[in-house]
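What follows is a set of notes on a single structure, which appears directly below.
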Amino acid sequence: MAELNPCGIVIFGASGDLAHIKIFPALYSLWDEGFFPKDFFITGFARTKMDDNQFRKTIHDSINIHCRKKPVDAKHFKDFSKHIHYLSSNYDDIKSYKSLKTFIEAKSAEYSMPKNFIFYLSTPPSVYESIVDGIENSGLVSDNYKGDGFSRIVVEKPFGCDYDSAKKLNDKILSVFQEKQVYRIDHYLGKETVQNILAFRFANAIFEPVWNNKYIDHIQISALESIGVGLRGGYFNNAGIIRDMMQNHMIQLLSLVATEPPAFFDAEDLRNEKIKLLKSIRRFTINDVKNYVVRGQYDRGIVDDDEEAVSYREEKGIPIDSITDTYVALKLFIDNYRWAGVPFYIRSGKRIKKHKTEIAIYFKKLPYSLFGKNSIEKIEQNVITITIQPNEGISLKIGAKSPGFKMEIDPVELSFFYKSSFKGTPPEAYERLLYDIMEGDQTLFYRTDNMLTAWKLITDIINGWKSLPAPSFPNYESGSWGPKEADDLINKDGRTWHNEI
Ligand SMILES: NC(=O)c1ccc[n+]([C@@H]2O[C@H](COP(=O)([O-])OP(=O)(O)OC[C@H]3O[C@@H](n4cnc5c(N)ncnc54)[C@H](OP(=O)(O)O)[C@@H]3O)[C@@H](O)[C@H]2O)c1
């Protein structure tokens, strides 16, 4: 990767967790690897009262815990941190934005660099609109968008809480920024294994010919966690898994595994193909929500072998009668030539037996078995498993003759693991995404139509739930594989969840 353009990055909400746990550790890694030019600066903007040195100290401590480049040498960090500044500010006070403008323009002049600014919204979403107003009213965008430099805005998830709120926020952002300036983050897309889905499909001649409804029986996408809601109760109880995982990460994984090949591997072509795919997903009627969507909420149980877990309703900040979903499983269909008739089973949940994110592609059963005793039922289907976490890699389950005098067929795995096949640690998702933002490459970010179409699908489910009877929660034990109804959803089609570990 090449050295990046000189730029100034402004992080709103810089006193918060995301800035400390992900953004600054990623920026430090990129700097440490030599991708930053000598001219750059990072400005933290938040209400907490701090001076530059206090802020730098919090960043130092946090990088020492969360950065893959830790431990951080003090002198080395000093070279990095002289580029970091902090402004104690208010999100709804125009004076704060005017001071910010004066500050970053002076810094650009000091470094003799163009007015290249990146505005990163790392606050709770309730503050996004005030920040966009502040940026607009202080002239931070209009002044530098005259050929002298670039402005980009980065928006964290959640982007809205349903179709209408996402559209409203998006309209607001697009009233100030152009689409090509907007980077909507889904950090899953920054993960190496997620990007590898496209490499696997389109850099190998042998898979694409069988990647369709003639050969594939069904596809399962799972993102399962053994952890509970932790300290995110306040946010999570309003979101549920449906918004926290399904609307963004799961739909993105689905679109990568199912999209048509783009004409070129660039942002517009890939996003054009993804939108065609998203529009082909069959919308959910209320009846579909009833029959093809299962929601769950965890009860007490034992996780990670011996840890006793409380129920969701006993977690900190969660109302005792909460009906928020901590698990969702659904079946959907893509109505196009490639996928007609192939069910996609998608599930995500908390407090599940094992932590894993994967895509399992099940090929059709043999049409006929040559091997008498091994009836067709006994010979397992070929399955390609793309593991996103943990143990990133890809495996293919095939049938092989087991040793001995008899012709017995047993399943074996051909596997590739990132850790053993490639040397060095891959960049963290946020490193990759921040690099692309500075580079101006939108390939790994949602475009308006992608984001809103995903919301349409999920809003159908959310609205469906509102008109169906309230669920009887909790309905699965912590440390189990999820609600029984989720097993029924797939078992009644003669299939089972890919619970292999
Ligand atoms: N943390 C993660 O791993 C993660 C992952 C994915 C996405 N996100 C998203 O990234 C954004 C930031 O996450 P975060 O965990 O850093 O959030 P956070 O710690 O709750 O908030 C970040 C900062 O925003 C300011 N803030 C908090 N509540 C506010 C309020 N009600 N009004 C105005 N300012 C407020 C605070 O700074 P001051 O009080 O100093 O102004 C706080 O330090 C959120 O939208 C979150 O959903 C986070």
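Our numbering is plain: 1 for the first residue shown, then up by one each step along the chain.
Cβ from N, Cα, C; glycine included.
Given the structure is predicted, the values throughout are model-derived calculations rather than measurements.
If you look up TrEMBL, you'll see His249 marked as active site, proton acceptor. Over all protein chains present, the Cβ of His249 (active site, proton acceptor) has 22 other Cβ atoms lying within 10 Å.
The annotation NADP(+) binding site is assigned in TrEMBL to Arg47, Lys157. In sequence order, Ser15, Ser88, Ser89, Asn90, Tyr91 are the residues near Arg47 (NADP(+) binding site), counting only same-chain partners six or more apart with C-beta under 8 A.
In three-state terms derived from DSSP, Asp244 (substrate binding site) belongs to a helical segment. The Cβ of Asp244 (substrate binding site) has 23 other Cβ atoms within 10 Å, all protein chains considered. Annotated substrate binding site per TrEMBL: His187, Lys191, Glu225, Asp244, Lys350, in sequence order.
The domain 'Glucose-6-phosphate dehydrogenase NAD-binding' annotation in TrEMBL covers 10-196.
Per TrEMBL, domain 'Glucose-6-phosphate dehydrogenase C-terminal' is recorded for 198-498. For the domain 'Glucose-6-phosphate dehydrogenase C-terminal' (198-498), the model gives a mean pLDDT of 94.
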Largest tally of Cβ atoms lying within 10 Å of a Cβ, found at which of the binding-site residues His187, Lys191: Lys191
Rounded Cα-Cα span from His249 (active site, proton acceptor) to Lys350 (substrate binding site), Å: 15
Protein Cβ atoms within 10 Å of Lys157 (NADP(+) binding site), excluding its own: 19
Of Arg47, Lys157, Lys350, binding-site residues neighbouring ligand 1, Cβ under 6 A: Arg47, Lys157
Distant-in-sequence Cβ neighbours of Glu225 (substrate binding site), under 8 Å, six or more positions away: Gly349, Lys350, Arg351, Ile352, His355
